[in-house]
Amino acid sequence: MTAENRPPVGDKQDKGQAVQEMFASIAPRYDLLNRVLSLGVDRGWRRAAAAEALAHSPRRVLDVATGTGDFAIELKERAPQVEIVGSDFVPQMLDLARQKAGAKQLSIRFEEGDALRLPYPDASFDAVTCAFGFRNFADYTQGLAEMWRVLTPGGRLVLLEFPPPASGLFGAVFRLYFQHVLPRIGALVSGNAGAYTYLPESVLAFPEPERLAQMMRATGFRTRYRALTFGIAGMWVGDKR
């Protein structure tokens, strides 16, 4: 996939297949790029989100858009007694997730599934998580509705995502890095310029934190937001009413 045919950004019905193809192409180097491009800070973000997801001692947790399984593995290492299921619609990512979990001798179910049509019954998970995948959904409202549907009453949703850069000096510096430095590094390491041009574009097109919180409330969640690392990342926590 080239920069010219990278996925559309924002909440768009026609981007699902393009996103699927893009992540399939970068799967082998996805983890390395995450570490390099975030300077390793993404691990701390995942730890904070895992603590929220496990706060009420869930029995079953679904990690949506699990990718190569980093967050599902974080959850299982923190709570070995909890059943963890990782779902993604990119088979190449799931293959890597299974290899990583197997190397750590962790029992995690990784299953192929579309986040907009989750293949699970109503009220079947006590917590649902999504780390840096929600931004890639073709329909944010439908994605939230599906995650609400599979949660048990009182269950918790935790979203970890990149909000648009804030205003001010730090936001300007981060925007410069995100738009001009990150795509070059990503293209060099992955060989896919389109994927790492799409990333900053998708962040800039993503809803502001309060707007996403409002969408969650409209779906039926009691919602709160926490900025991480000066707002580079954000965590939305929603409890199903």
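Don't overthink the numbers, they just go from 1 along the chain as shown.
Positions of Cβ are set from backbone N, Cα and C atoms, glycine also.
Close to ALA115 (S-adenosyl-L-methionine binding site) in the fold, though at least 6 residues off in sequence, lie VAL64, ALA65, SER87, PHE89, CYS130, GLY133, PHE137, GLY143, GLU146, MET147, each with a CB less than 8 Å from its CB. Among the features that Swiss-Prot reports, S-adenosyl-L-methionine binding site is placed at THR68, ASP88, ASP114, ALA115.
Annotation for ASP88 (S-adenosyl-L-methionine binding site): spatial neighbours VAL64, ALA65, THR66, GLY67, LEU94, ALA97, PHE110, GLU112, GLY113, GLY133, criterion Cβ-Cβ under 8 Å with sequence separation of six or more. For the binding-site residues given as THR68, ASP114, the lowest number of other CB atoms within 10 Å of the residue's CB is seen at ASP114.
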